[in-house]
């Protein structure tokens, strides 16, 4: 609904769409994809085993002040849009709780640099190269590393009723600076956290 403010749409969606669906189909499994608000986090926590949600690394690490204060940072512009810090904190507490109904969802979007840095830029963060180390940094900050593997690898497939992946990756606590940009032919893509240092990296 274009009449609903972009920062209010998630809460309105819960009220007008999600709750009526769940009332009509109480045992329908629903994944609330890429939640961004305190209302959504609380709604999932108050729900039953048929309701889950994914959360992106950018919504755990940033809020709208990071995107807008002191100049627009187009590479943090994504949809659903970043919200107030109170919503960011609610998401962080949700993943730190260890609830098995929250799980990884990167929503990675590798838009070309010139399509992000324009008068009408594309929405999305290209976090595929470093999403796992970024999530690890969040869980470490929250003192919740014991829930990190489940959030990334176990909660999702168990919710969907799928077998767990038998392959594995290993992280090491080695600070790694993220590239400023990634060449793509004659173009380039700016990765999530470009130029910043993460304390975790994937082990070769």
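Each Cβ is built from the backbone N, Cα and C atoms, and glycine gets one as well.
DSSP gives residue 34 (Zn(2+) 2 binding site) a coil state; it is part of no helix or strand. Residue 34 (Zn(2+) 2 binding site) is surrounded by 19 other CB atoms, counting those within 10 A of its CB over all protein chains shown. Feature annotation from Swiss-Prot assigns Zn(2+) 2 binding site to 34.
According to Swiss-Prot, the feature substrate binding site maps to 79, 111, 123. Neighbour count (other Cβ atoms within 10 Å of the Cβ, all protein chains): 14 for residue 123 (substrate binding site).
Within 10 Å of the Cβ of residue 107 (Zn(2+) 1 binding site) there are 21 other Cβ atoms, across all protein chains. Sequence annotations record features per position, and here Swiss-Prot assigns Zn(2+) 1 binding site to 107 based on sequence analysis.
Residue 107 (Zn(2+) 1 binding site) falls within neither a helix nor a strand when secondary structure is assigned with DSSP, and so counts as coil. Annotation source Swiss-Prot lists active site at 107.
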About how far apart, in whole Å, are the alpha carbons (Cα) of residue 79 (substrate binding site) and residue 34 (Zn(2+) 2 binding site)? 9
If you measure C-alpha to C-alpha, which of 107, 111, 123 (binding-site residues) come within 10 angstroms of residue 34 (Zn(2+) 2 binding site)? 107
Find the longest CA to CA distance in the recorded substrate-binding set 79, 111, 123; express it in Å as a whole number. 13
